[in-house]
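Peer 1: Quick one: the structure is below, and I'll ask about it shortly.
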Amino acid sequence: MENITQIADVMSFTVIAAGLLIGLGALGTAIGFALLGGKFLEGSARQPELTGMLQTKMFIVAGLLDAIPIIGVAIALLLIFANPFIGQLGG
Amino acid sequence: MAEHGGPATMTDYIKHHLHHLEMPVGEGRFWVLHLDSIFFKLLCAAIFLYMFLRVARRATSGVPGKFQCFIEMIVEFVDTSVKETFHGRSKLIAPLALTIFCLTFLMNFLDMIPVDWIPAAAGAAGVPYLRIVPTADLNTTLAMSLTVFLLIQYFGVKHKGIGTFVGEMFTAPFHAPNTVGKILLAPANLLLRLIEEAVRPISLALRLFGNMYAGELIFILIACMTLGASLSSGLTYVMAPLQFVAGFVWTAFHILIITLQAFIFMMLTIVYLSMAAEHH
């Protein structure tokens, strides 16, 4: 195990990367969802008869919004639990 | 967790679960067939066809059964979505939307089956690796989105004619009043158009894949909570109820996600196709 410091380096950077991936993704989505939900409530309060149509559209946008952070979470989890880079070190 | 399995065992478990049943058909990593994805996708398609054919054959205009009501609900839901978005006439678009919605939903729904059931059963039968969710495989989602991409181009040519279709590549979205301006703006228009077209299939495929992959990975992590647990250890009695609650909560949330992603894939297909059919 002469490359143990290298493995430790990879691990620590991986954890930081995963934290950034999840955290920044969550930050962006939180702002996006707040805007989306707020505008939806505003819109349906102004014109209640359009609520159904707005709800469908809101869910479409919610799904679009959802995708990027969840991809980030998937990559972060993969990096933490099945790190491909440690295998490359031969550890 | 570390006392039970240790990180090495857990990593092995996860890696084993993320490994496809592969069949190499040529040189290198590119020419590999994922047999499990293909099999389960065909299985889902068969289930979908069987359900809808059965109802269509036995459909009555009298008092419908519960199953017929259910199928009719789906068909009407897709039909309204298509009518709201697509204003032209097309015999292709509504059946396509219905197929995409039901097939994607069925494939996503395989994620709801506990992660170890089918792989363990297959392992006992001698199959070393098995991943049962076809949409958690980028090949499947990319295949679907590339098909949609080709249909977008076909729709564009069919509804506008080849002349307008090619012309629009150079004249939209930036319009110019005279010939010199048109020539100057043509490269920018073409570049924007190419980026727009290239981004669509990739984002469509990655969105579905990312959601399903993350969902599957979280299910696997929940399964890891009692990995290598024994009844003699006190930690097992803490982790087991925790695992149950976590699994329940994530499953309940995931039902929403799988439906939403199937719906979005369908909706975006309709939106893209209607955009391709409209004149600028």
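Using N, Cα and C of the backbone, Cβ positions are placed for all residues, glycine too.
Whatever TrEMBL says is automated annotation, not expert-curated.
Found this in TrEMBL, in case it helps:
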TRANSMEM  A:12-37  transmembrane segment
DOMAIN    A:16-79  domain 'V-ATPase proteolipid subunit C-like'
TRANSMEM  A:58-82  transmembrane segment
SITE      A:ASP66  site 'Reversibly protonated during proton transport'
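Each of the listed features needs to be described in terms of its position in the shown structure.
Peer 2: The average pLDDT computed for the domain 'V-ATPase proteolipid subunit C-like' (A:16-79) is 89.
Within the chain, the transmembrane segment (A:58-82) has long-range Cβ neighbours (under 8 A, six or more residues past its boundaries) at 14-15, 17-19, 21-22, 24-26, 28-29, 32-33, 36-37, 40.
A:ASP66 (site 'Reversibly protonated during proton transport') falls within a helical segment according to DSSP. Cβ neighbours within 10 Å of A:ASP66 (site 'Reversibly protonated during proton transport'), excluding its own Cβ and spanning all shown chains: 22.
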